[in-house]
Amino acid sequence: MPDAVKVGFVPFSAAARGTLVVFCDDTLKFGSVTGKALGAAASTVKRAVAASQFKGKSGSALDLLAPEGLKVGRLIVIGTGKAAALKDNDIVKLGGAVAGKLSTGDSAVTVIAELPGGAMRPEQAAAVASGIRLRAYKFDRYKTKKKDDDADAANANVSIAVADVAAAKKAFAPDSHVVDGVILARELVNEPPNVLYPEEFAKRAAQLRKLGVQVEILDVKAMTRLKMGALLGVSQGSAHPGRTVIMRWNGGKRGAQPVAFVGKGVCFDTGGISIKPSASMEDMKGDMGGAACVVGLMHALAARKAKINVIGAIGLVENMPDGNAQRPGDIVTSMSGQTIEIINTDAEGRLVLADVLWYVAQKHKPKFMVDLATLTGAIMVALGTDHAGLFSNNDELAERLTAAGLSTGERVWRMPLGPEYDKQIDSQFADMKNTGSRNGGSITAAQFLQRFVDNTPWAHLDIAGTAMGAPKSDINHSWGSGYGVRLLNALVAEHYEAKK
């Protein structure tokens with residue numbers, strides 16, 4: 001996976017070189033180590049900060065030519081706001097602010113990991129490192145000519161000066177693997193659809209075998225034998241046959257019940273016969289954001305040797321118009337035996353998930369299942385791009401997901417489920433139809449999925465607004481966000497993973 005910067009840790013005593021980055025709070029105070037590093041130039045720097053009307057707000061940045069007496073060429077001051085009020089994810093954002101100020105010429109950068117109240121804890125220094133890597137990522141491999149501003153932070157070597165190098169490295173080791181998982185998810189979402197189609201996506205998921213993940217790929221023949229009629233109906237119009245990929249990480253006790261994560265992987269969605277408008281159809285390469293998250297999560301958990309058994313399952317298809325494509329009015333039989341009338345071929349993601357959810361629930365009997373899908377435009381109307389929609393049949397699981405969202409910044413908002421919505425997907429000809437009215441569209445989609453989880457505790461995350469194309473954030477300027485990897489890693493680590 002590409003990395004625009006290299007991040008390491010050095011002791012406070014190490015000499016700064018190239019560009020020096022320091023932190024100050026909203027009172028414009030520096031810590032003692034920072035003051036010592038600035039030396040005789042400290043008073044000059046303080047005057048320059050005051051003269052610039054810099055307020056020290058969290059994430060704000062001031063770029064200065066280093067004054068005489070400093071053995072660096074450039075000085076960057078990053079504001080922390082009220083340092084005592086900073087939470088873990090706020091520290092990650094500070095790292096993002098650091099990366100945002102790096103430029104092509106910054107081959108060597110030293111960041112002093114100190115807040116005005118004292119040295120950052122090892123976990124905080126690790127969070128800064130994570131933020132730097134997340135924000136520095138960019139997807140530009142298909143550009144043959146790059147502008148100067150396309151190369152910001154490229155090839156920078158960032159040294160984070162800390163009180164305890166060994167402790168910082170230990171804290172960053174698992175975090176670094178999670179960042180790798182986020183970057184992998186972003187890479188998958190950003191890839192063009194002529195490169196990343198179902199068979200290729202399955203091959204990339206299979207690379208997790210290098211980390212000790214067991215990977216099983218179900219082809220059309222295997223899915224036909226399993227009677228996955230809902231998923232196969234979606235893929236039948238494409239020249240690229242569908243795949244289902246089952247990934248298993250056995251990091252817990254042998255035979256212990258696994259947890260499961262399921263992702264929608266529509267590698268390109270034209271809408272099928274119910275074809276979408278051409279405007280922005282190119283964005284539908286990202287309709288596999290849920291599957292990308294699951295692969296990124298499995299990478300993170302396996303790489304950091306998570307002490308838990310985990311199933312990751314993704315259904316991979318293309319939804320294309322063709323003489324062999326599924327039609328409105330068709331009735332398909334899902335793996336569960338339930339029949340589905342196709343009203344709109346553009347409501348295809350729920351059909352893919354229906355069979356994969358049922359397969360996982362029946363074969364692996366997980367403790368819980370969380371599915372992720374860029375499922376409905378309706379969730380964007382309701383929640384915009386700052387929260388994913390959360391639907392669940394289990395209050396404890398929903399509460400834990402909500403807490404993990406708050407701690408990581410990958411926020412969720414719980415939406416309702418209830419039998420009163422079922423009538424919208426009742427069919428005259430089959431057990432159900434694949435879409436209801438426009439009203440409550442994200443709810444009826446989740447209501448549909450609930451019919452395929454049996455009695456398993458389950459949560460559905462509608463990530464249509466958060467997985468791709470959202471406004472740039474403190475830690476992501478890429479089109480694909482990698483949303484969900486940090487959220488679900490935190491859920492597992494906090495509540496389900498065996499403690500050492």
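Yeah, the Cβs are placed from backbone N, Cα and C, and that goes for glycine too.
Residues annotated as active site in Swiss-Prot: Lys276, Arg350. Residues annotated as Mn(2+) 2 binding site in Swiss-Prot, with sequence analysis given as evidence: Lys264, Asp269, Asp287, Glu348. Annotation comment: Swiss-Prot describes Asp269, Asp346, Glu348 as Mn(2+) 1 binding site.
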All-chain count of other Cβ atoms within 10 Å of Asp287 (Mn(2+) 2 binding site)
28
The answer, for which of the binding-site residues Asp346, Glu348 has its Cβ ringed by the most other Cβ atoms inside 10 Å, is Glu348
If you count Cβ atoms within 10 Å of each one, which of the recorded positions Lys264, Lys276, Arg350 comes out on top?
Lys264
Distance check against Lys276 (active site) for the recorded positions Asp269, Asp346, Arg350, keeping those with Cα within 10 Å
Asp269, Asp346
Filter the binding-site residues Lys264, Asp269, Asp287 down to the ones within 10 angstroms of Arg350 (active site), Cα to Cα, kept in sequence order.
Lys264
With the Mn(2+) 2 site defined by Lys264, Asp269, Asp287, Glu348, which remaining residues of that chain have Cβ atoms positioned within 8 Å of the Cβ centroid?
Val234, Gly265, Val266, Met284, Met288, Val317, Asn319, Gly349, Val352, Ala373, Thr374
Cα distance (Å, whole number) from Asp269 (Mn(2+) 2 binding site) to Asp346 (Mn(2+) 1 binding site)
8
Return the residues near Asp269 (Mn(2+) 2 binding site) by Cβ distance under 8 Å, restricted to its own chain and a separation of at least 6 in sequence.
Lys276, Met284, Asp287, Glu318, Asn319, Asp346, Glu348, Gly349
Those same-chain residues, other than Asp269, Asp346, Glu348, found with Cβ within 8 Å of the centroid of the Mn(2+) 1-site Cβ atoms are Val234, Val266, Thr270, Gly271, Gly272, Ser274, Lys276, Met284, Asp287, Asn319, Thr345, Ala347, Gly349
